[in-house]
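Listed in Swiss-Prot:
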- GLY79, ASN110: anthranilate 1 binding site (BINDING)
- GLY79, 82-83, THR87, 89-92, 107-115, SER119: 5-phospho-alpha-D-ribose 1-diphosphate binding site (BINDING)
- SER91, GLU225: Mg(2+) 1 binding site (BINDING)
- ARG165: anthranilate 2 binding site (BINDING)
- ASP224, GLU225: Mg(2+) 2 binding site (BINDING)
Amino acid sequence: MNNYLRKLVEGQHLTEEEMYKAGLLLLNENILESEIAAFLVLLKAKGETAEEIYGLVRALREKALPFSNHIQGAMDNCGTGGDGAQTFNISTTSAFVLAGADVKVAKHGNRAVSSKTGSADLLEELGVNISSTPNEIDYLLEHVGIAFLFAPAMHPALKRIMKIRKELNVPTIFNLIGPLTNPVNLETQFVGIYKRDMLLPVAQVLQKLGRKQALVVNGSGFLDEASLQGENHVVILKDNEIVETSIEPEKYGFSIVKNEEIRGGNSKENAKITLGVLSGEKSVYRDTVLFNAGLALFANGKAKTIEEGITLAAHSIDSGKALAKLNLLIAASNEKLERVN
C-alpha cells in the first residue's frame, strides 16, 4: 500500500491494475485503518479517474457475494446519492414502474446515508423483505421481475470501510461507485450522479463493465436524478459510443418543478408518496417519476425514444402493473424460499 500512497501524495494517477490491487488491499482485514483513511483522502484530493474507478469496482465485485448470473437482460437504476436535496425515493419508486413495463430490475441500494430515507428503509416500510440471498434474488428476478440487493449484505468486505467513511465524514470515491458495484451481470443501466464532472468517467466505467446501453444523468441543481427544475446534463452509452448532451423537461411536456417541491421525509412519509404515485395519483412526484422512468426505459432500449419511454412509464402506472409488481415483491420476498437455497 505504501507505494500507492506515495504516488497519490505526488499527485500521480494510479493505473487500472494498480487501483485493482489497492482495492483488494483496502478490503484486507490486516490493513491499518489509518492507511485506508489516508488512501481515500489522498485519492479524493487528487481527483479520481475512470481507470481508478473501474479498478476499484473490479476489486469490489470480485469480493462481493457470488451470483450465477443466468438472468438475462437485467437493469439497475440506482443513483449515487449524496446530492443533499432530501428528495423522496425517486429511483426506488421508478424501479417498480420499470418492472411494470416488463424490465427486469436488480435494484442495488442501501439505508439512508445523507438522506432521511434510503431505498432499504423505504422498502422495509412498504413490507418488502430486503434480506435476500443471491439465489433468492435470482428467483425474484426470474419470477417477479424485480429484486432488491441490500448493498451491505452483498459486499460484506466493505463493513470496515463503511465505519472509516463515517468517521472521515468527507466524500470519497465510495460516494460514486455504489451503482457500479451491483454484483448482478447487468445489460443496461440508468445512473444518477451528484457530481457533474464525473458524468463522462462514470459512463466510461459502464462501457468497461460491458453495458449494452446506459444513461448517466446529473439533474438540474446537481441532483442525482433527472430533475424537472431545468436543464439535465446527460451522457448516453449506446452501440459502444458515448455521447454527451442535455435534456430539458419542458420538451417532454412537463411543467417546471423546483427540487424543493419534491422533498421527502421519513420512511412512513416516503412510503405514502410512493404508494400515491404507483396508485396513479396526479402530482409533482408522479411527473418526476415519469421523467426518470421514461429516461430509464430509453436507456434500457425498451423505448426507442425518451417520449416513448415516458408513455410506457405512464401506462405501467395507470394500468396498475407497477403497483402489482410492488405487491408481488412484498409477497414473494417474505415467502420461505428454501427451494432455491
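Every residue, even glycine, has its Cβ placed from backbone N, Cα and C.
When the binding-site residues ASP224, GLU225 are compared by the number of other C-beta atoms lying within 10 angstroms of their own C-beta, ASP224 comes out lowest. Counting only residues at least six positions away in the same chain, the Cβ atoms of GLY81, GLY118, SER119, ALA120, PHE150, ALA151, PRO152, GLY178 sit under 8 Å from the Cβ of ASN110 (anthranilate 1 binding site). Distance from the CA of GLY79 (anthranilate 1 binding site) to the CA of SER91 (5-phospho-alpha-D-ribose 1-diphosphate binding site) is 7 Å. Looking only at the binding-site residues HIS108, ARG111, ARG165, the densest Cβ neighbourhood within 10 Å occurs at HIS108.
Secondary structure at ARG111 (5-phospho-alpha-D-ribose 1-diphosphate binding site), as computed by DSSP, is coil.
The binding-site residues recorded for this entry are GLY79, THR87, HIS108, ARG111, ASP224, and the Cα of ARG111 lies nearest to that of the residue listed as 'anthranilate 2 binding site'.
Secondary structure at THR87 (5-phospho-alpha-D-ribose 1-diphosphate binding site), taken from DSSP and collapsed to helix, strand or coil, is strand. Cβ neighbour count for THR87 (5-phospho-alpha-D-ribose 1-diphosphate binding site) (all protein chains, 10 Å cutoff from its Cβ): 25. In this structure, the C-alpha atom of GLY79 (anthranilate 1 binding site) lies 6 angstrom from that of ASP224 (Mg(2+) 2 binding site).
Using a 10 Å radius centred on the Cβ of SER91 (5-phospho-alpha-D-ribose 1-diphosphate binding site) and all shown protein chains, the other Cβ atoms total 27. Summarising the environment of GLY79 (anthranilate 1 binding site), the number of other Cβ atoms within 10 Å of its Cβ, over all protein chains shown, is 27. Cα of THR87 (5-phospho-alpha-D-ribose 1-diphosphate binding site) to Cα of GLU225 (Mg(2+) 1 binding site): a distance of 10 Å. Note: the CA-CA distance between ARG111 (5-phospho-alpha-D-ribose 1-diphosphate binding site) and GLU225 (Mg(2+) 1 binding site) rounds to 17 Å.
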